[in-house]
Amino acid sequence: MSNRTFTMIKPDAMKNGHAGAILDKIIKAGFRVVALKQTKLSAEKAGEFYAVHKERPFYGELVEFMSSGVIIAAILEKDNAVADFRTLIGATDPAKADEGTIRKLFATSVGENAVHGSDSDENAKIEGSFFFSGLEQY
Ligand code: RTP
Ligand code: MG
């Protein structure tokens, strides 16, 4: 089991001013920041990042949303990082997310849901290196 995951603070949370509170929750939950930056995805890059969802009905909306504003991308470290981070962020749909989770507190809707969290160790690695070179990870 790897001890790293990858996250993005999505454009809705950035626009709504929740970035600081979200990072605070992540750090207080015991995650160490390995790499972090603010950036903006082009529609092409967002499409590439979410290519696994290409055939899903929400793909077009997702790509448009994820390229609609700046995001914060980060690699995080903790024992059991992937699973623990997905517990911290809560269900995809904030209406179904547990109390106290990041999506329950800060998400707008099922599509605009404040944060991304990798769903496997393999994807955490792929997604982390989509945004960061080895020299940017400490
Ligand atoms: P993520 O990959 O962003 O961490 O979210 P997730 O695993 O909880 O959800 P996933 O099934 O991977 O979906 C990726 C993102 O697509 C958007 N979505 N919209 N309109 C819809 O029904 C719908 N379903 C998913 C969300 O932004 C979701 O996080
Ligand atoms: Mg996912």
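Counting starts with 1 at the first residue shown.
Cβ coordinates are placed from backbone N, Cα and C, and glycine is handled just like the others.
What TrEMBL says about this one:
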type	residues	note
ACT_SITE	H116	active site, pros-phosphohistidine intermediate
BINDING	K10, F58, R86, T92, R103, N113	ATP binding site
DOMAIN	2-136	domain 'Nucleoside diphosphate kinase-like'
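Comparing the binding-site residues T92, N113 by how many other C-beta atoms lie within 10 angstroms of each C-beta, the top residue is N113.
Confidence over the domain 'Nucleoside diphosphate kinase-like' (2-136), given as mean pLDDT on the 0 to 100 scale, stands at 98. It is 7 Å from the Cα atom of K10 (ATP binding site) to that of the residue listed as 'active site, pros-phosphohistidine intermediate'. DSSP assigns R103 (ATP binding site) to a helix. Spacing of H116 (active site, pros-phosphohistidine intermediate) relative to R103 (ATP binding site) is 10 Å (Cα to Cα, whole number). By the rule that a residue counts when its Cβ sits under 6 Å from some atom of ligand 1, the binding-site residues K10, F58, R103 yield F58. Within 10 Å of the C-beta of F58 (ATP binding site) there are 12 other C-beta atoms, taking all protein chains into account.
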